[in-house]
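Written below as structure tokens is the structure these notes are about.
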């Protein structure tokens, strides 16, 4: 049975796959993207192009005002983006305080307003060590709170919560997805740097699946 759902869609390969997984399940999808002052704002342009191509309703919400309250992340502040392998210590600087709770809260409110039954987002096991708001216990509790906080219960789904980026890409390949339509790099340049932790994890996923990454690198 088709349901209306909201997908938090950044434009990266994880949320791109989540978007198409929700569509493949037969859902009516509403895509929701956020500008929170991230350096890699190029991902929002990529997300818009994909939604336009597929006729998916797409809202981009500017929440950059929250940066007057939040600090300390290399994704939004004047702090160097870490290079090298996707390791816990080096990547902790990319944590935006309370980001997913903020984004999920807004997405849940949007879902209630649109009479949607669920919110999907792209948490996966590769993020568990680095991002507390991608861990199973967080997702479970957000699902509970979301169903309590409104008269209309909205479920929180993270379809790839228990698998890594390699498996996400494998599922996308099965669906025939074109990953040239995604952006992963944390640096906001014309081409992906290939050096930041996000690029490294992406490249490892393509190597593990035995295919070449279709995007251009510096």
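Every residue, even glycine, has its Cβ placed from backbone N, Cα and C.
What Swiss-Prot says about this protein:
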| type | residues | note |
| --- | --- | --- |
| BINDING | 9, 10, 11, 12, 13, 14, 15, 16, 17, 18, 19 | ATP binding site |
| BINDING | 185, 193, 196, 199 | Zn(2+) binding site |
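Taking the binding-site residues 193, 196 in turn and counting surrounding C-beta atoms within 10 angstroms, the largest count is reached at 196. Note on the binding-site residues 15, 17: the fewest other CB atoms within 10 A surround the CB of 15.
Here residue 9 (ATP binding site) is positioned 15 angstrom away from residue 185 (Zn(2+) binding site), judged by their C-alpha atoms. For residue 19 (ATP binding site), the Cβ neighbour count at a 10 Å cut-off comes to 25, with all displayed protein chains included. For residue 196 (Zn(2+) binding site), the nearest neighbour among the binding-site residues 9, 13, 15, 17, 19, judged by Cα separation, is 13.
Long-range neighbours of residue 199 (Zn(2+) binding site) (same chain, six or more residues apart, CB within less than 8 Å of its CB): 184, 185, 186, 192, 193, 217.
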